[in-house]
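Engineer: This is the structure I want to talk about, given as structure tokens.
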Amino acid sequence: MLEEEGKEREGIRPSRPTRLGRGSDSNPRHERIPSSRTVRLGRVQPQAPGHRTIYCNDRDANLPVRFKRDSAIGMIVEKKLNSSSGPLGNSISTTKYNFFTFLPKGLFEQFRRVANLYFLTISILSTTPISPVSPITNVLPLSLVLLVSLIKEAFEDWKRFQNDMAINNNPVEVLQDQRWESIPWKKLQVGDIVRVSMRLRFIIQDVFNGEVQCEQPNNSLYTFTGNLIIQKQTVPLTPNQILLRGCSLRNTEYIVGAVIFTGQETKVMMNTMNVPSKRSTLERKLDKLILTLFATLFAMCLIGAIGSGVFIDRKYYYLGLQEDVENQFDPNKPFVVTILTMFTLITLYSTIIPISLYVSIEMIKFIQCAQFINKDLHMYHIETNTPALARTSNLNEELGQVEYIFSDKTGTLTRNLMEFFKCSIGGEVYGTGVTEIERGIAERDGIKLMESKKSANTVQERGFNFDDARLMRGAWRNEPNSDICKEFFRCLAICHTVLPEGVESPEKITYQAASPDEAALVTAAKNFGFFFYRRTPTMIFVRESHVDKMGKIEDVSYEILNVLEFNSTRKRQSVVCRYPDGRLVLYCKGADTVIYERLAVGNDDIKKVSREHLEQFGASGLRTLCLAYRDLSPDIYESWNEKFIQAKSSLRDREKKLDEVAELIEQDLILIGCTAIEDKLQEGVPTCIETLARAGIKIWVLTGDKMETAINIAYACNLINNEMKQFIISSETDAIREVESRGDQVEIARFIKEEVKKELKRCLEEAQTYLHTVSGPKLALVIDGKCLMYALDPSLRVMLLNLSLNCCSVVCCRVSPLQKAQVTSLVKKGARKITLSIGDGANDVSMIQAAHVGIGISGQEGMQAVMASDFAIAQFRFLTDLLLVHGRWSYLRLCKVITYFFYKNLTFTLTQFWFTFQTGFSGQRFYDDWFQSLYNVIFTALPVIMVGLFDKDVSASLSKKYPEIYREGIRNVFFKWRVVAVWAFFSVYQSLIFYYFVTTSSSGAHNSSGKVFGLWDVSTMAFTCVVVTVNLRLLLMCNSITRWHYISVGGSILAWFCFIFIYSGIMTTYDRQENVYFVIYVLMSTFYFYVTIILVPVVALLCDFIYQGVQRWFFPYDYQIVQEIHRHEPEGRTRTELLEIGNELTPHEARSYAIAQLPRELSKHTGFAFDSPGYESFFASQLGVYAPQKAWDVARRASMKSRPKIGQKK
């Protein structure tokens, strides 16, 4: 079955192709026992609610079906449409707008912002008679802001539209009139027969008439239930028979399938849900600042309105306010005067709210992501050709305030490249190697390990790092337990869902597996002499060497009768196979906890010894699995298989029924042994964690591994050391085991909860004693999933939180995906700390979405974590650059941008406010309308953007050398109310200088004609001082000044003079009172102008200069201390030079980086070993194989469009 959509991707060969697939080998032998795959049930019955029937190769029968919920019966019912409505197409659209909806919908989105809605209200008020300013004063800035925002929206949506068109118009081969025809992908319809092939068209007989009864469209990528009814036979359909986009066609030349879902109904499109909308902490605090500005605006207007009422009530006779006056100035109506003046002043003081703030922040964040984060070569992983990717630009500054990191282990801290390292067979341990964890333990204990010599029979291969001559090259035949060894190797070679690829030789074959674990196990079987080289839907072929004393090689075919898939609940996988001699065997592998529960009575010595070996392997940081088998009689199997067939053909609760049936046969197992696989740490992880710890960031590891493995990984990562006091809360105690042995679940739950409560209380008391001592050790907490379940109970949650917050490191082992999210939310909401979650698999998605910032590792476990994340990186060590460099810079820059906006708008508005006191609170404007309109959007807009992009207190190398300066972001040093109060003080101070200094000094001045200066002369002079001063003030706040700062500041001041020269020199009909005509020319003809334009900015900035000097000398920030330390060192290449002069790369690196910028994704949908359904093996693709564009990844394509300048090494 095919799920068709958008764009042709390589399909994937199902494990059991239906009769539609060419080359789907069938077993020629007579089956003595009925197959579980095909059973005659006759024609399909009317479909049940919640399922649909699809008629293959019959478009007329497949009219669109719309489903709705009937509230009366509470069920989904279907409504068949007439033929005029046409079939549902395969066209997809990821755009937000179309030609007709762009303007209304885009404007609606913009006016959902309170600031934009506020300025719309002000613009409307400015059209009324009570407004002292022209409507253009407020309409123009609002229009410019909306225009920029709409252009950005249109650009992003146009990129989506282009991608949709490329997908929808891709050709695909469809069976029409018994001939393969090529049609655009968007014209596919449900029921069409399509061919995924590279071959030419050919005529085919009409043998595809059949029906598919399957589930309704849903977003579950890992489940599918349905039946194919063809030629009166019913074939159960599972996820193994469905092809999803993003897969690779392996092991066959082509496949033929029926389309079951199209367009927006496909699973991939239904999974393109938006990541939960996240707002940064800084943005939420900005909202409070805006509310403060609203309160300030209201207070200013209230003062002016009350003053107006009082002033009018005095009845100044010379103003002629006794009769025939407007209500606003009628002394007989003081209350009306007060109310109307209130609205007048709201329009006059509207500039206190920075209209361009939000659009400026959006532009800054977008460029930070597109040009800085996405193109940082320090976060480019050349081995996998993967750059960093910012999937959202909303959280840049949040990266600079992270205090808690929640990390998965496998694939995040470790490489997820598994190597078969050791094993235990029949109670005997094999494998002489030393793991990285064991080396770390020895180094911790001061023990020097001797490097063991490799044996002559050692095989070096990816996925196999085993060294023990007793098992290699057939030597296992000489072992006392050789029969068990043979069973062990056959279990490895048969019990899996791996697909072989390439030439059928041990040296050239490659394995495509559901996880690196499975590939490593099959590779181990090959090197032990049991070479799995081919599989069909019903057979597995193994080339066995050294089985007998003669050492001959024999090809053996095993018939696969049933596969009981792995899932997170079962934690095991089983295969029922038939030997050539008719022997029926069930092989099972899984977690030790579930395998031991299902072992037959007896063999207690082997069970006990194997348990000890499992603990040893766990202490060495190895991943373990237990292997077991069971011989089946034909009668037992036939009886069980009938139940299995019924469960597999069920359209309701199929998974549940299959699990129940599996329980019936996965009993009385015989333990064979256990495997130990090493998952090495990623490069640079210990150093990265140590650096982040110095930055004040606490790291918690949330893993599903055993406690011993998790603790040793924590030691290897520098999360835990011998100097720390460890609190271990485990359910593996004698008291708990004793209670569990009784089997009373209620008593078990009550007892464990009480034990957890006692442990939490004890640890808290002990922690308090350590915290109150000066030389007390650092604390670490280790807790397993069972205890964590009770510790997260509302009655114990506070105790857990208090204990955890006092610990430097926390390790949670044996936890579920839900528990990962719960722990993250506990700190996020309970402690109100800024959290970051990082993971690489589908089981990390809930944790990633629960945190303030979610980081996806684009690793071996597919793209689910990346799709759900806010940022994607290839290696854990890149967190150092992402947080300490980009995150910290973004936080520092945006704090300056916001406070500067606050300062310049408040300064400008306060000059108008002071003028109100000298005009009888009448609402007379001090500045010309155009001055007020262009102040935010032209004369002061560009410099602050340059600060948001290029300001840098210390270099990237120093940010990582002194990670302690990151703590300032955690403490939110640069955006406290104290900082805002300081800026407010300077705004008040400078506004008084601008207004009273200019007005007072101008009272005795006159122009060349001898006339004293009028209102517009004084206001133009004051406005010139404001523009010059606030732009120069920006240079004072910069830590590093680039040419872009000079250009923007100089350009803004020059723009003002160019504007006033032109505007003042032209008489227009707009000049109702000849406001500023020729004003600038009059002013520049006087000595007063030049003295004022120099003296006022100097006086205004003198206080700032003194404050900054005192602060830097006596109360320095951490970064200022670092600046002083390296003050006289030659400055190295700056981060801004990364964009300006390019990077020195080798030709190979340059080509790899350029390829990585192309708008496409690495196809790595492989899944985690034994933590995702087994069928996911058929989604596996080889590392480094690229797939075409993904419809959901618009952000990456937009940000990766531009290529950096890349130089060559000389």
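Cβ atoms are placed via backbone N, Cα and C, with glycine included.
TrEMBL annotations: computationally assigned, not manually curated.
The region 'Disordered' feature in TrEMBL is assigned to 1-52. The domain 'P-type ATPase N-terminal' annotation in TrEMBL covers 88-138. Residues or ranges marked as transmembrane segment by TrEMBL: 289-312, 335-359, 897-915, 935-954, 975-998, 1013-1032, 1044-1066, 1078-1107. Residues or ranges marked as active site, 4-aspartylphosphate intermediate by TrEMBL: ASP408. The annotation Mg(2+) binding site is assigned in TrEMBL to ASP408, THR410, ASP840, ASP844. The annotation domain 'P-type ATPase C-terminal' is assigned in TrEMBL to 866-1116.
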Engineer: Among the recorded positions listed here (ASP408, ASP840, ASP844), identify the one with the smallest other-Cβ count within 10 Å.
Structural biologist: ASP408
Engineer: Residues sitting near the transmembrane segment (975-998): Cβ under 8 Å, six or more positions beyond its termini, same chain?
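Structural biologist: Result: 282, 285, 289, 292, 895, 898-899, 902-903, 906-908, 910-911, 913-915, 1018, 1021-1022, 1025-1026, 1029, 1092, 1096, 1099-1100, 1103-1104, 1107.
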Engineer: Provide the number of Cβ atoms within 10 Å of the Cβ of THR410 (Mg(2+) binding site), excluding the reference atom itself.
Structural biologist: 30
Engineer: Quick check for me: are there 3+ Cβ pairs below 8 Å between the transmembrane segment (335-359) and the transmembrane segment (935-954), leaving out pairs under 6 residues apart?
Structural biologist: yes
Engineer: Taking 3+ C-beta pairs under 8 angstroms (sequence gap of 6 or more) as contact, is the transmembrane segment (897-915) in contact with the transmembrane segment (1013-1032)?
Structural biologist: yes
Engineer: Do any residues, 6 or more residues outside the transmembrane segment (1013-1032), come within under 8 Å Cβ-to-Cβ of it, and if so which ones?
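Structural biologist: Answer is 903-904, 907-908, 911, 926-928, 931, 935, 939-940, 943, 990, 994-995, 998-999, 1002, 1005-1007, 1049, 1052-1053, 1056, 1060, 1064, 1075-1076, 1079-1080, 1082-1083, 1089, 1092-1093, 1096-1097, 1100-1101.
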Engineer: Counting only residues 6+ away from its ends, which parts of the chain sit with a Cβ under 8 Å from the transmembrane segment (1044-1066)?
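Structural biologist: Same-chain contacts beyond the flanks: 930, 934, 938-943, 945-947, 949-950, 1020, 1024, 1027-1028, 1031-1032, 1034-1035, 1038, 1076-1081, 1136.
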Engineer: Give me the mean pLDDT over the domain 'P-type ATPase C-terminal' (866-1116), rounded to a whole number.
Structural biologist: 89
Engineer: List the helix, strand and coil residue totals of the domain 'P-type ATPase N-terminal' (88-138) as derived from DSSP.
Structural biologist: 24 helix, 0 strand, 27 coil
Engineer: Pop the Cα-Cα gap between the residue listed as 'active site, 4-aspartylphosphate intermediate' and ASP840 (Mg(2+) binding site) into the table, whole Å please.
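Structural biologist: Counting only the Cα atoms, the answer is 8 Å.
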Engineer: Tell me whether ASP844 (Mg(2+) binding site) sits in a helix, a strand or coil according to DSSP.
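Structural biologist: The three-state answer is helix.
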Engineer: Can you tell me the CA-to-CA distance separating ASP844 (Mg(2+) binding site) and ASP408 (active site, 4-aspartylphosphate intermediate), as a whole number of Å?
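Structural biologist: With distance taken Cα to Cα, ASP408 (active site, 4-aspartylphosphate intermediate) is 7 Å from ASP844 (Mg(2+) binding site).
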